[in-house]
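Step one of this worksheet: look at the structure below.
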Amino acid sequence: MLHPQLLIPLLDYASVLVFALTGALVASRAQLDLVGFIFFATLTGIGGGTLRDLVLNRSAVFWVARPELLLLISAAAVLVFFTAHLLESRYRLLLWLDALALAVAVPAGVGVALQAHVSPVVVVAMGVITGTFGGLMRDVVGNELPLVLKQGELYITAAFGGSVTVVSLIEIDCPRPLALIMGAGVVFLLRAGSMALGWRLPVYKARPPRN
Amino acid sequence: MLHPQLLIPLLDYASVLVFALTGALVASRAQLDLVGFIFFATLTGIGGGTLRDLVLNRSAVFWVARPELLLLISAAAVLVFFTAHLLESRYRLLLWLDALALAVAVPAGVGVALQAHVSPVVVVAMGVITGTFGGLMRDVVGNELPLVLKQGELYITAAFGGSVTVVSLIEIDCPRPLALIMGAGVVFLLRAGSMALGWRLPVYKARPPRN
Amino acid sequence: MLHPQLLIPLLDYASVLVFALTGALVASRAQLDLVGFIFFATLTGIGGGTLRDLVLNRSAVFWVARPELLLLISAAAVLVFFTAHLLESRYRLLLWLDALALAVAVPAGVGVALQAHVSPVVVVAMGVITGTFGGLMRDVVGNELPLVLKQGELYITAAFGGSVTVVSLIEIDCPRPLALIMGAGVVFLLRAGSMALGWRLPVYKARPPRN
């Protein structure tokens, strides 16, 4: 079976790449030039992991240690720049790619945090931070409604559910690679179920809206 | 008298808790689900102190070292989720809780910065950063008008006034716990005076608005 | 010729000062009080360099090591508070000062990153981050349209071009001070050409806008 020392960097690479694609799609919605595409792809691809690494006080932020990631991101941005006009619905694709990136980034964040020997509660938080902050920065800087604010959709909840899944499975001595893959599955399932089938949790309802 | 080694964590806990309540109230205004409440409570509760700890290069960010804070924040978010509909005016409460959290967070930030042996100017800045950045992140992510932009209200000014008060009192050898408490009083007094009595500083007035 | 050990702090000081002026101009557009001016001047002046220093894991963030920068920023904010009403067009001035600050901050960021012995790709990214993030935070917090989103203007592209210029020149053994100054020139030329003469790169055009 895949060794966690290999699986975690693999998840990191995959989430960076897919988040980069979503950043480039936001750049296409803002009608930027090629360098603007690279900027948003980079911000989205590395945002969550950078915050995680700073908070965990790791000796080097992951993309400083592996600079080829920046080239991979740039290639993804160039690809989107030249092909996005072929797409029927860029926003729909953005949402599904974002779901995929979230599903991969959450266990990647958990995996890195586990290596830092912090409390399980902190590990859960790191999974959520790694999964959500890249997309959050993309939306705040790109003037989009942050996905975390979409009423009634499972987003943070999906990230949280997946993060708790990985940490719980490892607590009961499930092999680490299996736990990471199960966590990714839970995130994607919750997010996809929310988008395609309308799954949701009860939301807070005030009497008068926004007083 | 209360020892600073006890008082500073106490102020930290209190500010995290009260800021968490304001974050949950913003989540209620955005009609999120329970996990959304926890997310905004966490972002607001730990945002300012996290930035402070990163900039001061502390060996561990405060909530990584004390993970029970994340559970306290979650409990606060759950409480708000189930009781906020009982409130007459959530926005009014949000403003007053934010004032209280600001009043506690500023001296907490100053206290931590003093332990890091940096220049008094940097200590003042750390008080302001700790006090304001959690609320700022809450407002930016939650699509609210940042309180720092409210024309004519004392907000940054209240934080700055309290931070300068603590640092000045300690420079003239005032006992540290007294200085911290006086600083909290100054922040709350300025902010409350501004909200309830209309206290303000002269604001910049351009000839044509926004050219 | 100017020694890089002197030139890099000089560029840092200049970029902090000029970015501080732009932050104060945004505060004037939001009609804040004097402390609000200092807040925005500080956020803009130190934002990019702070992020760079955190990501590079430097032993101290630059303004913690040189606190007199905060006093310099405050003086700049006070100056703008009392004189901005004399200006014909504050937004025009803001754009040109921002261009100047960008031109100085990019090589400053590159210079600092070179001292950290990281990959050239990372050095290029640090130049862009140092140049753009202060202004980005200013615009996000100040509720302005981020300059990075201005369609068809060279902004990120100017920063990127200048950053690549410095790194490339140093790779071919150009003396470091000359490379830094050439990089500043490239940034300013690209940005000024874009603002004054309409230079631009082709932008992405979708068939239907924002589907």
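Glycine residues also receive a Cβ, built from the backbone N, Cα and C atoms like all the rest.
Marked as transmembrane segment by TrEMBL: C:6-25 (among others).
Per-residue pLDDT, averaged over the domain 'Glycine transporter' (C:10-84), rounds to 94. Here TrEMBL flags C:10-84 (among others) as domain 'Glycine transporter'.
Within the chain, the transmembrane segment (C:32-49) has long-range Cβ neighbours (under 8 A, six or more residues past its boundaries) at 12, 15-17, 19-24, 26, 61-63, 69-70, 73-74, 76-78, 80-81, 105, 108-109, 112, 129-138, 141-142. The transmembrane segment annotation in TrEMBL covers C:32-49 (among others).
Sequence annotations record features per position, and here TrEMBL assigns transmembrane segment to C:69-87 (among others).
The feature transmembrane segment is assigned by TrEMBL to C:94-114 (among others). Beyond the transmembrane segment (C:94-114), the same-chain residues lying 6 or more positions past its ends with a Cβ under 8 Å from any Cβ of the stretch are 4, 7-8, 11-12, 14-15, 18-19, 21-22, 25-26, 29, 48-49, 52-53, 56, 58, 62, 122-124, 126-132, 134-135, 147, 155, 158-159, 162-163, 166-167, 170, 176, 179-181, 183-185, 187-188, 191-192, 195.
Annotation comment: TrEMBL describes C:95-169 (among others) as domain 'Glycine transporter'.
For C:120-141 (among others), the entry in TrEMBL reads transmembrane segment. Within the chain carrying the transmembrane segment (C:120-141), a Cβ under 8 angstroms from the stretch's Cβ atoms is held by residues 15, 19, 22-23, 26, 40, 43-49, 51-52, 55-56, 98, 101-102, 105-110, 112-114, 147-148, 155-156, 159-160, 162-164, 166-167, 171, 183, 187, all 6 or more beyond its ends.
Under the heading transmembrane segment, TrEMBL lists C:153-172 (among others).
According to TrEMBL, the feature transmembrane segment maps to C:178-201 (among others).
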Spatial neighbours of the transmembrane segment (C:153-172) far in sequence, C-beta under 8 Å, 6+ residues away
99, 102-103, 106-107, 109-111, 114, 120, 123-128, 131-132, 147, 178-180, 182-188, 190-191, 193-195, 199-201
